[in-house]
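Straight from Swiss-Prot, the features:
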type	residues	note
BINDING	Glu45, Glu73, His76	Fe cation 1 binding site
BINDING	Glu73, Glu128, His160	Fe cation 2 binding site
Amino acid sequence: MPTLEMPVAAVLDSTVGSSEALPDFTSDRYKDAYSRINAIVIEGEQEAHDNYIAIGTLLPDHVEELKRLAKMEMRHKKGFTACGKNLGVEADMDFAREFFAPLRDNFQTALGQGKTPTCLLIQALLIEAFAISAYHTYIPVSDPFARKITEGVVKDEYTHLNYGEAWLKANLESCREELLEANRENLPLIRRMLDQVAGDAAVLQMDKEDLIEDFLIAYQESLTEIGFNTREITRMAAAALVS
């Protein structure tokens, strides 16, 4: 079983999948791409932590639950940091912070305006669905150490997605129009983020179309659970086509 102290050589001892189907985890090309992909997931977990703590200022009755979610995100961050160290890769955190800047700015604007539904749509739906799609696509082509970490993380991300769904479902009638507007403003950002990372993801053998498909499936399932009808969801998903 992988441990956080497992050395670089551990990635060569895969018992999962065929070596012919997996990328060369030791190549310079792989490590270069991984430095950005790994940074994105590390920064994404940090952003999620900060966002859940911030949402707690808008939902004081939910502070303890949001702190619990935030604490989980920090565990994820530590795990993904260990994944980079296991491969001997330094994460490109400057790239990752810039990568998340548009969504971060929109979240902070909504937070300042007290728009709880928008904050939840950005963090608990869009970002969580983005993460889930990325992790699902990554797991089959990951090194054994990262596979174990990522499989544990993705289970937690569904808990976070479900939290956002439950609150928005309970408050849908009062925030429907705000959510429609937030979707129009933020879903195109997710599509651009997926496009931006496609080249590096391909080096890791993560297919761009699989990423987009998995994301849209997870996001549309959340919108259905919240209570949007098929027509509304179709129109909301169309925002992803805006470049």
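Each Cβ is built from the backbone N, Cα and C atoms, and glycine gets one as well.
Computed from a predicted structure; not experimentally measured.
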Glu128 (Fe cation 2 binding site) - helix vs strand vs coil (DSSP): helix
Cβ-based neighbourhood (8 Å from the centroid) of the Fe cation 2 site, residues Glu73, Glu128, His160 excluded: Ala48, Tyr52, Leu69, Met72, Gln123, Ala124, Ile127, Ala131, Asp156, Glu157, Thr159, Leu161
Shell of the Fe cation 1 site beyond Glu45, Glu73, His76, same chain only (C-beta within 8 angstroms of their C-beta centre): Gly44, Gln46, Ala48, His49, Met72, Met74, Arg75, Lys77, Phe80, Val153
Glu45, Glu73, Glu128 as binding-site residues, winner by CB count within 10 A: Glu128
Same-chain residues at least 6 apart in sequence whose Cβ lies under 8 Å from His76 (Fe cation 1 binding site): Val41, Glu45, Ala48, Val153, Asp156
Whole-number Å value for how far Glu73 (Fe cation 1 binding site) lies from Glu128 (Fe cation 2 binding site) (Cα to Cα): 11
Rounded Cα separation (Å) that holds between His160 (Fe cation 2 binding site) and Glu73 (Fe cation 1 binding site): 10
